[in-house]
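The region 'Disordered' annotation in TrEMBL covers 355-377. Residues annotated as transmembrane segment in TrEMBL: 32-55, 67-92, 98-118, 125-148, 160-184, 196-218, 224-247, 290-311.
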């Protein structure tokens, strides 16, 4: 699925800078800075998250890939279908419908790994799912886009950013591999690195949110319909991913992981694909959706993390109350019958003294007189 770049109007790479709107020039400069900063911080983040991965558990997920299979079904089954249904239900324009569909066909983003760590999810499964979905995107993205755009009669073909997918894989696997090695050799130091990585992840999310607001500054008032879809799309992904994981009898930890992996998409890959496939004038109508999706994706993730932390704190409080009640009940029982308790302890102490393994000769000598008396009678 390649775009025809023979004419200057068919591919944005062949168009001159004078033809680009001022907003897109600013977006391009900001995007360059944003990409460099994000790449460096993402590499450090994935290295720190890799320190939480154990090779033994990672190998178990690869040998029994049930969780990975459910995640891939959500990623390339539910998400493209949801995008197609949303585009039809809201009667979107062709350019906008393509942007929504491309977002649904993209693999999972690394943002999901950060949120999975914060909700005590399965980090081994999360990183494995992100890697596997990125590899599967080499074949599944063209297939899904071809199947769902058969009835749309697009004027331009869609270009799959294979180079971008390859760079994503390298930036994902190499830091994670180093993190797994550090966790294997130096487990104590890896915990410190993991805590630092959690802070770096929070800073990264703030940088992404601020950059997204700046990049989407002129597009918030563009179309209420696109903003609505960008808000509900990740929510649908989280809910359907959780339900499918629950129906396939996955553990609660895996259900949280698969839910976050399903709703979190690779925004950078979607933007790159749109830029390679459409002209500058068309991009004005399309780029607002992935940017808005990225912001709402972060917002949904923060809400999920906040809800989980509140639920976890509530369980801890209930557990403390139960322990307090149990201690008070045990204390009352001891205070009401001190003689019985003392007698019970004395009996136990006598049993332990007489039947202890440190006095075998005493037991032998005490049994001898008894045997002598019984034989005499």
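Note: Cβ is positioned from N, Cα and C throughout, glycine not excepted.
It should be emphasised that the depicted structure is a prediction, and the values quoted were computed from it without experimental measurement.
Between the transmembrane segment (125-148) and the transmembrane segment (290-311) there are fewer than 3 Cβ pairs closer than 8 Å, counting only residues 6 or more apart in sequence, so the two stretches are not in contact. For the transmembrane segment (224-247), the most Cβ-contacting stretch among 67-92, 98-118, 290-311 is 67-92 (pairs under 8 Å). Away from its own ends, the transmembrane segment (98-118) comes close to residues 42, 45-46, 49, 52, 71, 75-76, 79-84, 86-87, 92, 126-127, 129-130, 133-134, 136-137, 140-141, 144-145, 148-149, 152, 154, 158, 165, 172, 198, 201, 204-205, 208, 229, 233, 256-257, 260-270, 273-274, 286-287, 289-290, 293, 297-298, 301, 304-305, 308 of its chain (Cβ-Cβ under 8 Å, at least six residues beyond either end).
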